[in-house]
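Some features that TrEMBL has for this protein:
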type    : residues                   : note
BINDING : B:64, B:67, B:68           : heme c 1 binding site
BINDING : B:209, B:212, B:213, B:296 : heme c 2 binding site
DOMAIN  : B:42-176                   : domain 'Cytochrome c'
DOMAIN  : B:195-321                  : domain 'Cytochrome c'
SIGNAL  : B:1-21                     : signal peptide
Ligand code: HEC
Ligand code: HEC
Ligand code: HEC
Ligand code: HEC
Ligand SMILES: [Ca+2]
Ligand SMILES: [Ca+2]
Ligand SMILES: [Ca+2]
Ligand SMILES: [Mg+2]
């Protein structure tokens, strides 16, 4: 199984090196939607309320937005996120921007969809810390404003964990950032990238980054939802880098599947808006993009980039910062006539 | 001094009881602005960024909005707010909605303006916990996006505590909620309040609530910025209520002035959007509006309201929930190429 996966990676590498020019893809203006959860305005509005509502956490301090700040790069610029009671998690929060273009969610791909993912953090004891979804549902039911918003999205008496997750996923599918300089360039506007950025784009292809970071979101080939594109990280042993950054401490997908063949497999992450989401890698141990690029070349491709090559690639990656849609703040329902219970 | 203040209160009481009808005032559509900080779009935009930016707190988790949620009633529905490291404060957070209509800020009025107030929480060790404003300024200066936003608002090289406070205050002056059912009623639309609400409005006047809660924001007469309208709370002793709610534990204005004459003086707070801001009073010990109304009548006016009277007043107070302006989320500057420092 592990072999097959590595093989897929290798095949793609060969293919992409051959047909570079044809493969550059702009980000679609719309994210794919699953058949059983079509995006509607009412769902998006409800999802936005839930996503930004701190009352989905035990102490009422954290919302999804606390760790995935959509006013910014869609995460928290930390190596480990801060959950309820100041607890730290062991992995760095990935950006929620364009997560709709991931075919699986989490660094290890353990959630097959945004819907499946959205139920996790709320009851994770070191994230939002609710005892159960029943408790969340009870809180939501106590607010007439949520009754109304769920009714608009899903029909009467529809407050449930599943529908909350569907609504959050629908909101997330609106969180996409098209029209980066790269997208404009690919669309034909050759002035959208600087000379250095265009050179970096070619280097990104030539050295082999595209063998993994292909597709419109630079997270691999477009696969059906639930099918992950995983790669071993680090792919090559390097004692010095391991001593500095400890990448191998995390078993990656194996921790989930308990399958030794999955050791250190990680989902290939998107590189969109990567300039905004320092620090880098699953453990957030690398502070800046220059270092991240050099480390990738060394550990994944066994190459030492020249200073010019890595500077050019970094310039190119800066061209992947897209246009962020304007978002109106949701109006949150009143917790009427009593104090918030988590006191 | 204490005597004079009580006297002012008494004079107003007599006056207002005489000329009730003339005194009902709608909320102006625009908040007053101080001469030295006129509101401009660039300041409002910058102020919105700062207000919603958790990087103004030591651990990067709390923004002004954490305790004064503008997606909701403008506070946190808690008796004591939760600051950095899960610390609790001793007073309940007042709403930021319509705070621009307060002539002084804080329960004890110790800040003479929104500008003066805005500098406090950031370095308050149990609120946002920054060591100094110098540290905040250093963080802001590290972000080119803030350089640009300050330049747009105040000219080049203008990042400072004073300008940050001015911008936040300018944003707060946009946080006003006109066009409540009450405002429409006062404007001539007699169908805007229900019969019960209109009756409650009359009762609110007749029993004497308006002697303190007068003016367009129901927080007393319009006074120059910096001049507070204070009242003793509790005004009448009541052992049973004191045993239940401990209102006298807080010395109010005396804690600030060290003047015995200021013991238990509190600013008369606004009643706008009061239905959204449970729990009530400076210590947030009272859960619901019915109880708050009865307690006010007893402690401030030495009256026992009938069940009908208090229900009518509550209905009226529900008519003070205004229209909340739509607010677009700010885009926050990137903390580029490094992890957030507070790790
Ligand atoms: C306390 C911090 C925290 C909170 C709160 C939080 N997350 Fe996350 N989120 C993380 C971390 C850390 C990961 C990565 C965990 C992993 O891969 O094992 C993650 C992963 C994700 C992913 C996967 C993205 C990807 O590219 O794989 C999505 C989507 C997501 N979160 C959405 C949400 C939503 C929706 C909520 C609220 C319901 C939420 N998060 C609340 C920290 C948080
Ligand atoms: C063999 C597959 C593979 C190749 C080749 C590859 N990457 Fe990666 N890349 C990954 C995987 C897997 C991760 C996630 C590693 C982790 O943190 O667990 C990753 C992570 C990254 C990250 C950090 C993303 C984040 O959000 O923290 C950057 C930046 C990056 N790659 C850039 C590059 C560049 C530039 C190249 C070429 C020099 C490259 N990659 C080549 C598989 C690859
Ligand atoms: C940790 C919670 C917390 C944070 C963070 C916080 N506040 Fe407050 N705020 C309070 C509390 C509690 C009070 C009342 C304190 C008192 O009266 O002594 C208050 C009072 C105020 C008032 C006075 C309102 C009135 O009616 O008197 C304003 C205005 C205000 N805060 C704005 C802000 C701004 C602006 C920020 C960010 C720069 C901020 N607050 C951050 C809890 C907080
Ligand atoms: C003599 C002055 C005075 C009178 C009369 C008065 N109030 Fe108040 N009111 C205050 C003061 C001062 C406070 C703030 C008390 C505190 O929490 O420290 C207050 C607080 C309140 C609150 C809670 C506000 C909040 O945000 O927690 C409500 C509700 C209220 N008053 C309603 C009424 C009603 C209804 C009446 C008439 C039955 C009334 N008041 C009469 C002075 C007065
Ligand atoms: Ca990151
Ligand atoms: Ca003022
Ligand atoms: Ca309150
Ligand atoms: Mg998907």
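Cβ atoms here come from the backbone N, Cα and C positions, even for glycine.
Shown on the structure are the features that TrEMBL records.
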residue	record	DSSP class
B:64	heme c 1 binding site	helix
B:209	heme c 2 binding site	helix
B:296	heme c 2 binding site	helix
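Of all the binding-site residues in the list B:209, B:212, B:213, the shortest Cα-Cα distance to residue B:67 (heme c 1 binding site) is found for B:213. Counting every protein chain shown, the number of other Cβ atoms lying within 10 Å of the Cβ of residue B:212 (heme c 2 binding site) is 25.
Over all protein chains present, the Cβ of residue B:213 (heme c 2 binding site) has 22 other Cβ atoms lying within 10 Å. Applying DSSP to the domain 'Cytochrome c' (B:195-321) sorts its residues as follows: 61 helix, 9 strand, 57 coil. The Cβ of residue B:68 (heme c 1 binding site) has 23 other Cβ atoms within 10 Å, all protein chains considered. Across the fold, the C-alpha of residue B:64 (heme c 1 binding site) and the C-alpha of residue B:212 (heme c 2 binding site) stand 29 Å from each other. With a 10 A radius on its CB, residue B:209 (heme c 2 binding site) counts 22 other CB atoms from all the protein chains. Around the Cβ of residue B:64 (heme c 1 binding site), the number of neighbouring Cβ atoms within 10 Å comes to 25. For residue B:68 (heme c 1 binding site), the nearest neighbour among the listed binding-site residues (B:209, B:212, B:213, B:296), judged by C-alpha distance, is B:213. With DSSP classes pooled into helix, strand and coil, the tally for the domain 'Cytochrome c' (B:42-176) is 64 helix, 4 strand, 67 coil. In this entry, heme c 2 is bound by B:209, B:212, B:213, B:296, whose most widely separated C-alpha atoms sit 11 angstrom apart.
Neighbouring residues of the recorded heme c 2 site, listed in sequence order and excluding B:209, B:212, B:213, B:296, comprise B:204, B:208, B:210, B:211, B:218, B:268, B:271, B:300, B:301 (Cβ within 8 Å of the Cβ centroid). In sequence order, B:51, B:63, B:65, B:66, B:69, B:75, B:76, B:93, B:96, B:121 are the same-chain residues whose CB sits within 8 A of the CB centroid of B:64, B:67, B:68, the residues recorded for heme c 1 being left out.
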